[in-house]
Amino acid sequence: MDVNLLALWRASRLMMVLVSIFSVLLALAVAAGHGVAVVPFEAALLMLGVVLAHVGFNLLCSYHDVTRGFSSRSVAMPFNNTTMLLEAQSGLLKRAAMVLITLALLLGGYFVWARGLGLLFPILFSLLMVVSYHGWSLRKPHIGLILPGVILGPVLIVSSYYALTGVYDFDALYVSLASFFLICNLFLLNQYPNYHLNLELGRFYFPVVYGTKRSSVVHVVFSLGVLYVIGMGDIIGLLPEQSPWAMLPMLLALYAVVGGFKFGTDGERLKPHLRANMAALLLVELTLVILLFCQPISSH
């Protein structure tokens with residue numbers, strides 16, 4: 001493979017893009033649960049735009065990692081291995097990121113035209129967060145803790161539902177809360193391995209400021225939040241009757257956080273726990289997607 005293509009492939013962190021894909025699938029599933037006749041072409045355009053935006057953001061993150069000396073010194077982790085990227089490739093990463101984000105904005109513009117100005121705020125808000133993510137947000141540990149979950153959870157899911165239907169919906173917002181907690185946990189645990197390097201570079205992530213023990217307690221609280229959202233959603237009828245099955249993959253989240261408590265910043269020993277953390281997110285959301293497609297919410 002061409003060295004530049006290989007660099008783009010590594011910098012794209014495509015496994016992390018699955019988070020966005022599953023968020024869009026949840027929006028589609030809620031729409032299906034409401035009996036909305038989604039236009040397949042528009043669903044495909046929406047998915048394409050979201051993927052382009054997320055890959056563009058990942059390339060921008062990789063650009064910052066390379067130019068600030070993070071990539072050459074970081075521990076290679078699952079879903080985020082940019083250790084082989086060279087500083088000479090930073091320009092390529094930045095240009096590719098700008099192209100993909102621009103294309104995503106053009107697709108977003110189509111949905112603003114097709115559905116109305118209700119989409120303008122979440123698009124502009126997300127763009128602002130993308131641009132500022134490596135600035136002020138890295139100096140605010142509490143904001144950095146929840147920002148990925150807010151953008152890839154409620155903002156993405158609710159705005160995707162709007163892009164498909166033309167209306168905002170409380171059910172979509174409620175379902176997105178489970179994603180919020182899962183995504184926050186994913187990013188939180190991924191910040192453990194390069195703790196010392198992040199501290200040196202002035203990246204004040206939550207684990208850097210408060211340590212891995214306290215961060216693992218937060219992980220537990222967020223995991224309980226997932227269980228609460230699913231359980232309460234089943235009780236009050238905002239989720240399908242079989243939705244408690246989506247709690248089962250949270251055993252993987254338990255395994256993940258045990259590793260966080262036990263191994264702290266030891267990247268090598270944390271790897272299986274990081275994979276379990278990602279698997280918990282994907283399996284919980286996949287279960288909810290299947291249930292929402294199979295059983296209309298209104299029938300509960």
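Easy rule for this one: first residue shown is 1, then count along the chain.
In case you wondered, yes, glycine gets a Cβ from its N, Cα and C as well.
Not measured: the values here are computed from a predicted model.
Sequence-remote contacts of a segment are chain residues at least 6 beyond its ends whose Cβ falls under 8 Å from one of its Cβ atoms, and for the transmembrane segment (43-63) they are 8, 10-14, 16-17, 19-21, 23-24, 28, 71, 82, 85, 90, 93-94, 96-101, 103-104, 107-108, 110-111, 126, 130, 133-134, 156, 160, 163-164. Residues annotated as transmembrane segment in TrEMBL: 43-63 (among others).
If one looks beyond the transmembrane segment (92-113) by at least 6 residues along the same chain, the residues whose Cβ comes under 8 Å of a Cβ in the stretch are 4, 7-8, 11, 42, 45-46, 48-50, 52-53, 55-57, 59-60, 62-63, 66, 85, 119-120, 123, 127, 130, 163. What TrEMBL records for 92-113 (among others) is transmembrane segment.
The transmembrane segment annotation in TrEMBL covers 119-136 (among others).
Long-range neighbours of the transmembrane segment (143-164) within the same chain, counting only residues 6 or more positions beyond its ends whose Cβ lies under 8 Å from a Cβ of the stretch, are 19-20, 23-24, 26-28, 30-31, 36, 38, 42-43, 46, 50, 111, 115, 118-119, 122-123, 125-126, 129, 133, 137, 172-173, 175-177, 179-184, 186-188, 204-206, 218. TrEMBL lists 143-164 (among others) with the feature transmembrane segment.
Long-range contacts of the transmembrane segment (170-189) within the same chain: residues 19, 22-23, 26-27, 30, 33-34, 145-146, 148-150, 152-154, 156-158, 161, 206-207, 215, 218-219, 222-223, 225-226, 229-230, 233, 238-239, 246, 253, 256-257, 260, 270, 273-274, 277-278, 280-281, 284-285, 288, 292, 297, each at least 6 residues beyond the stretch ends and with a Cβ under 8 Å from a Cβ of the stretch. Feature annotation from TrEMBL assigns transmembrane segment to 170-189 (among others).
Taken from TrEMBL, the feature transmembrane segment applies to 217-239 (among others).
TrEMBL lists 245-264 (among others) with the feature transmembrane segment.
Here TrEMBL flags 276-298 (among others) as transmembrane segment. Residues of the same chain lying 6 or more positions beyond the ends of the transmembrane segment (276-298) and with a Cβ under 8 Å from any Cβ of it are 15, 18-19, 22-23, 25-26, 28-30, 32-35, 78-79, 171, 175, 178-179, 182-183, 185-186, 189-190, 226, 230, 237-243, 245-253, 255-256, 259.
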